[in-house]
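S.K.: One structure, pasted below without further comment.
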Amino acid sequence: MGRVVAELVSSLLGLWLLLCSCGCPEGAELRAPPDKIAIIGAGIGGTSAAYYLRQKFGKDVKIDLFEREEVGGRLATMMVQGQEYEAGGSVIHPLNLHMKRFVKDLGLSAVQASGGLLGIYNGETLVFEESNWFIINVIKLVWRYGFQSLRMHMWVEDVLDKFMRIYRYQSHDYAFSSVEKLLHALGGDDFLGMLNRTLLETLQKAGFSEKFLNEMIAPVMRVNYGQSTDINAFVGAVSLSCSDSGLWAVEGGNKLVCSGLLQASKSNLISGSVMYIEEKTKTKYTGNPTKMYEVVYQIGTETRSDFYDIVLVATPLNRKMSNITFLNFDPPIEEFHQYYQHIVTTLVKGELNTSIFSSRPIDKFGLNTVLTTDNSDLFINSIGIVPSVREKEDPEPSTDGTYVWKIFSQETLTKAQILKLFLSYDYAVKKPWLAYPHYKPPEKCPSIILHDRLYYLNGIECAASAMEMSAIAAHNAALLAYHRWNGHTDMIDQDGLYEKLKTEL
């Protein structure tokens, strides 16, 4: 009798294990990976996506990466007399863990962001000037603004603390189907509320004074996003975090991360411009009709096309920037009308006319960077000494005592304006570009899932545009594409992740 019972228990146990291996997610067989994936845009978002898609789908999938200009996208550099300088995104926060990982994995080197003293100019005078002495800076800030600088630091730290949860979620492979759901998983209704309120409104409600907001907050928004405190509060917090210490950059230029990720992902770069994308039915080698995406692109004057199982769009869907048409989708893919901010970067090698900002002699000026307030009638957002991408230390003056200065402005500077800023100069180069979204809360972020297997990364820029935000969006899109391909619905848009993962420690 005992033997019969033992055999029955053994049989039931075997049956249970068999059922579990068939039904439990851990034991479920993965669907065969896609044959081909297309990524449109080879900036930090597109190349990060290629890197993470390769990790998830394995070595056999073919990844084509389309770029009509240079790898690196908006992480562009400008040349001044044979030296390269960052045109835009130049510093990285010490808590930007994706960027830190990329630099480590790719064998690149990090350099500390250049230091130097900073001043704030209101159109008439310097309302604040940094000192070389920390205690003097503290006294100046407390004397003029009370303890508002400390309160501001605490507010930004609270936002960053919640934001850091994304790294734990992504390390456990969780993904989100919309920007709003991602932000809600990090900071709940508070983060969503920040998208729908201006930074000015948020900080006024928190009790910050008009003087502090005008003199200390608005200039940071102007240098980082070319806009005022009317931007949304979330991107405002991201911008203010760039005032922290420990900022760094990639030696040789931040765009090296993009070329490194492209190479590490073993993706195929296609130097062409994508014209349109259309869903079509195609018979694959299995003999079964399959829904695929035809990507039609142009190289020079030649038009070509290819079919893909999955497509990721990693360039802003703005007519002035990508001009991609989505053909015959049902329902139609919505038009995107996100306006991007026009900004002009000007690099000038010359001797600054310090009398614009101060009556002190030029050798006593001492400031490396000057930011401007919103009510300044000066025609620039900011001006500062910049190192080349190869310099590891703060830049030294050339033999004639001149530096290379980077100027951000809303409009292209005229020669007369440059001559007003500089006593003399021997080189100037300008780059007008659409750098980041024009923020006007309340913000409605574009969908991440445009169609069944068609994804959009740059919608995250409506929350905040930054290198790390693009890398986060890329990792999320790669995870989302992977889980939806394999039917892992339990890994998408999960509620209570923070508490769930906290209990697993």
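Cβ atoms are placed via backbone N, Cα and C, with glycine included.
Quick paste from Swiss-Prot:
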type     : residues : note
CARBOHYD : N196     : N-linked glycosylation site
CARBOHYD : N323     : N-linked glycosylation site
CARBOHYD : N353     : N-linked glycosylation site
SIGNAL   : 1-27     : signal peptide
S.K.: Could you tally the C-beta atoms, other than its own, that fall within 10 angstroms of the C-beta of N353 (N-linked glycosylation site)?
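M.R.: I get 15 for this one.
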S.K.: State the three-class DSSP label for N196 (N-linked glycosylation site), counting H, G and I as helix, E and B as strand, and everything else as coil.
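M.R.: Assignment for N196 (N-linked glycosylation site) reads helix.
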S.K.: Per DSSP, N353 (N-linked glycosylation site) is which: helix, strand or coil?
M.R.: coil
S.K.: With every protein chain in view, how many other Cβ atoms are within 10 Å of the Cβ of N323 (N-linked glycosylation site)?
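M.R.: The answer is 14 other Cβ atoms.
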S.K.: Across all the protein chains here, work out how many other Cβ atoms are within 10 Å of the Cβ of N196 (N-linked glycosylation site).
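M.R.: Within a 10 Å radius of the Cβ of N196 (N-linked glycosylation site) lie 14 other Cβ atoms.
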S.K.: Could you tell me the C-alpha distance between N353 (N-linked glycosylation site) and N323 (N-linked glycosylation site) in angstrom, no decimals?
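M.R.: That separation, Cα to Cα, works out to 42 Å.
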S.K.: Could you state the CA-to-CA distance between N196 (N-linked glycosylation site) and N323 (N-linked glycosylation site) to the nearest Å?
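M.R.: About 28 Å separates the two Cα atoms.
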